Amino acid sequence: MELQLTGKESGWWIVSHENKLWLPKGELPQGNAANWSLQGATARQIGEWQGQAVWLIRQMMSTDMGSVRQLLDVDRGLFQLAGRGVQLAEFYRSHRYCGYCGHQMHASRTEWACLCNHCRERYYPQIAPCVIVAIRRGDEILLAQHVRHRGGINTVLAGFVEVGETLEQAVSREVLEESNIHIKNLRYVTSQPWPFPHSLMMAFMAEYDSGELRHDPKELLNAGWYRYDQLPLLPPPGTVARRLIEDTVVLCREEQFDDGE
């Protein structure tokens, strides 16, 4: 339930608008609302972190509006809560009116949803399922530079799940479309909420099966096989892509050690 802040409330403050996040001094604000001049603002608690409430305020600040990416190097749990806040703020902003009848909607008091009193339609935040996979061939891992990535970062392959397909089918399809290779021994590893803008990354590892590597220029600038101890610039720590790469490196080292014995 939303409330108007008196200034005495305390916790972590997620102030967000249009997928931007208020980060004074590059950090997520913490402490009393009055210390950040937030009294009078409308807030809603969206979780807890380290025993303190996490509050969402849906508004634009005049300065220090940044990206939730800037919190990647903080604790994973806090990054996820910040991502939740940014996604919820954008959800409420984009669902002020019902898509069926055009009447104004209001936020539910019991769940993350927007309700229409006129036609009784109910809307929930959109979550886009994505698959991401690390592919190993002996002591090498397949890495690529995506056209949308900056700074020369090399990462593993990923893509959105299409309507009517399983996660496993999505992995195989994306790999074939982007690299022209087939994979085998696919296994699930972990997942990560990814608020750019509203994805849920489901991570896999797989082994090379067949096919000649040929990247899709519409998706990738280049792609190649890299030995596990000669890797290029990688995604930052805290990303599920980095986790997959590091797990693959561990496997390669273990196999090399076993072969050495």
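Here the Cβ of each residue, glycine as well, is placed from N, Cα and C on the backbone.
In Swiss-Prot, the motif 'Nudix box' annotation falls on 159-180 of the listed ranges 27-48, 159-180. Summary of the site annotation: Swiss-Prot records divalent metal cation 3 binding at GLU174, GLU178. Screening the candidates GLU121, GLU140, GLU212, GLU219 against this entry identifies GLU219 as the one listed for that site. Divalent metal cation 1 is bound by GLU178, GLU219 in Swiss-Prot, and the record lists one more residue there from ALA158, ALA203, ALA206, which is ALA158.
A distance of 17 Å separates the Cα atom of GLU178 (divalent metal cation 1 binding site) from that of ALA241 (substrate binding site). Counting neighbouring Cβ atoms within 10 Å of each of the binding-site residues (GLU178, GLU219), the lowest count belongs to GLU219. Each of the binding-site residues TRP194, PHE196 was assessed for Cβ neighbours inside 10 Å, and the highest tally belongs to TRP194.
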